[in-house]
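Single-structure report; data block below.
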C-alpha cells in the first residue's frame, strides 16, 4: 500500500479547503449587507464580521485536525464561540498526490507555525474594491515560510453573472505554485506596486527614487504578490513599518516557490518562528525577477528611517 502523505502535504491540502470555506464566508457576509465594522486603532485599521468569522473558521478547523501546530491569526479573538457550521473538515486530493520535498518529510506537527490573515485588504473590502481582497494561510518551519495558500474570494467578480467566483493559489517550496498562470512583467519596464491606503512621504520618496515607468496602488499584501506572479508589476515596494507576518508568510512561500524574492527594505529575510515580533518594521521589497536591480536602488535615507 502507499505510504500516507507527509504531514506538510496534509496541512496544505486542508488549508486549501479551509481557505475555500473562508471565501464562502467572506462572500456571504458581504451579500448579507451588514459588515459589522469595528475600528481597531483608527480609520485605516478596520475589522469586520468577515475578519472575525473567517479567522474563527480557519483557526478552529486547522486546530481540530492538527492540534499541536501553533496558529497565529491577525485578530484578537476568543475561540469559545466557534459553531460547527464554521468548521471545514475537507482537503484537496490533488495536493495529496504531490510528493513532499525530501527536506520536509520528517516535519512534526509541533514544528509548524501557521500565520493567518483572515481577510487581507479589509479597508478595500469595506469600500467595495473586492478584487483586492485575499485570505492568507502561511505555513512556516524553522522560522521560514515554506508553504502557503492565497484565496481570492472575488476573483472574476467583474466577468459577469455566469463567471465562477474566486480562486485558490497554493505553493510549496521545492514543488512550485499552482492555481494561476505564472507570467513575467514586460522586460525593461519598471512597474511598482505599492500601498493604496497606507501612503506616506517615505513610501513615496522611495518609489520616486526608483524612477518607475508606472505605479499601481492597491490594497492587500496577498494581492500585491499576485500582481508580481501574474506579470502586472515588476516590484512590490513598501517603505513603511505597517506590514505584519500574517501579511507576508503565505505570499512569501508562493513567491519563493516560483523563484521570486521578498525581504525587508534592507534585504533581510523575514523570520516566522512563533516567538518573532509580528510587525515587519523595516518594510517590504519583493520581485519575481531582477530583485538586485531594485534592492541596489533603495536610497540610504530610506534605509536609515526603517529600523528592522
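Don't overthink the numbers, they just go from 1 along the chain as shown.
Cβ coordinates are placed from backbone N, Cα and C, and glycine is handled just like the others.
Look at TrEMBL and you will find 74, 117, 119, 120, 247 tagged as Mg(2+) binding site.
Within 8 Å of the centroid defined by the CB atoms of 74, 117, 119, 120, 247, the record's Mg(2+) site, lie the Cβ atoms of 51, 116, 118, 121, 122, 134, 135, 136, 220, 221, 222, 244, 246, excluding the listed residues themselves. Comparing Cβ neighbour counts within 10 Å across the binding-site residues 74, 117, 120, 247, the minimum falls on 74. Counting every protein chain shown, the number of other Cβ atoms lying within 10 Å of the Cβ of residue 119 (Mg(2+) binding site) is 30.
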